[in-house]
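Following: one structure in structure tokens, then a few remarks.
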């Protein structure tokens, strides 16, 4: 009897577990179908991008406040000085994001070369006495309380202008001369100016922008092998010549070689991540920011995040940047304007690559480059530039054909009304160019020579007069009738 009760209870428990699994599976399928249905909406890319942008910005504000409080109090006597500076830059970046969303696409493309020339001029001027040095790099302009790096807008200018050139010449990109010139020489000039500061991290990001432009423009794979070989050679030479870059590479290859020098930050970052565990020490309760981890609020804020919020917090950030990658490539694939497609793919690659490089050197997978984590790290011009990039991507998202049709037929919607965004115009492919006279003559080939001589000329003129009179006859008759 007891055995029957035990077996019955086991059967009842197994049935409950089976029903629980079935209910969980039904719930997951329902969530998946609802998400799929939501993604089919015309403005799904735009709304999803704005949601991720807001979450990353809020996440960054909270983490900067936590990671910078100790350093702010030691240097300024207030725990909020670095946070308030970051907040001001976020507000400026939000304005730039809004302007980028409202800018007409044709204006961004038409004046991209002007922006590039201005950035080149600023990169030259920053190397003179007008520039200011910080951490061994003369890469800043300081105007009272305002400071910015000209290399940040140069990344945007290279992406916009390079996409314009490659799209304009897309019918000729099968030839290396048209594929590489003038985009690659202009990019190399920017690389040289940035390395004269020197700023290896920004040079790496500029290289990412260039490679993304060439890749999504359809450059052959053998070209990338040559470019990567040249880039690795140049980086090796620069690292060998530069003292601190060599120290970073050495500490990456052998973390125990200089634990109190070049490898100090990396070792402290790993210790902070190890202390975090699964759920972390709690927001604001980490120890690494108490002068144990340099640049805790900037380059190594991901280590503070892992210490205070644990693996779960790090996973949330990774999911958000993975969503940025998905949405950006979705925008690029759903647009019909080739310039928007190339710009969206390039800007997305830039953001995701910067996040991957920052997280990679914090967890010890890459050498330290000093690149901030987009929207999470504190910073001035980097935060503003990143927000402008999100604004450009949002502008590209509103130019999807389905989004344009919905905005024109149903109106701007809640977000559009709130932000007072203009209705985008649909893409119209340029009309095919008419061939010039020289080109037409070449296509027709050689023409037969005209007859020479007086008789020939006279006969020709008479025949012409007879043809003209014959042609006039019917017209006169029709007019008389």
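Residue numbers in this text run from 1 along the chain shown.
A Cβ is built for glycine as well, from the same backbone N, Cα and C atoms used for every other residue.
Taken verbatim from TrEMBL:
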- 423-432: compositional bias 'Pro residues' (COMPBIAS)
- 1-24: region 'Disordered' (REGION)
- 418-481: region 'Disordered' (REGION)
- 48-68: transmembrane segment (TRANSMEM)
- 80-101: transmembrane segment (TRANSMEM)
- 113-133: transmembrane segment (TRANSMEM)
- 153-172: transmembrane segment (TRANSMEM)
- 179-196: transmembrane segment (TRANSMEM)
- 202-219: transmembrane segment (TRANSMEM)
- 226-246: transmembrane segment (TRANSMEM)
- 309-327: transmembrane segment (TRANSMEM)
- 339-363: transmembrane segment (TRANSMEM)
- 375-394: transmembrane segment (TRANSMEM)
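Of the Cβ pairs linking the transmembrane segment (113-133) with the transmembrane segment (375-394) and spaced 6 or more residues apart, fewer than 3 are under 8 Å, so the two regions do not touch. For the transmembrane segment (202-219), the partner stretch with the highest count of Cβ pairs under 8 angstroms, out of 48-68, 179-196, 339-363, is 339-363.
Touching of the transmembrane segment (48-68) and the transmembrane segment (375-394) is concluded from the presence of at least three CB pairs under 8 A, sequence neighbours closer than 6 excluded. Away from its own ends, the transmembrane segment (309-327) comes close to residues 45, 48-49, 52, 55-56, 59, 273, 276-281, 283, 302, 348, 351-352, 355-356, 359, 374, 376, 393, 397 of its chain (Cβ-Cβ under 8 Å, at least six residues beyond either end). Long-range contacts of the transmembrane segment (153-172) within the same chain, counting only residues at least 6 positions beyond its ends with a Cβ under 8 Å from a Cβ of the stretch, are 108-109, 112-113, 115-116, 118-120, 122-123, 178-179, 182-183, 186-187, 190, 194, 202, 205-206, 209-210, 212-214, 217, 338-339, 342-343, 346-347, 350, 381, 385, 388-389, 392. Counting residue by residue with DSSP, the compositional bias 'Pro residues' (423-432) contains 0 helix, 0 strand, 10 coil.
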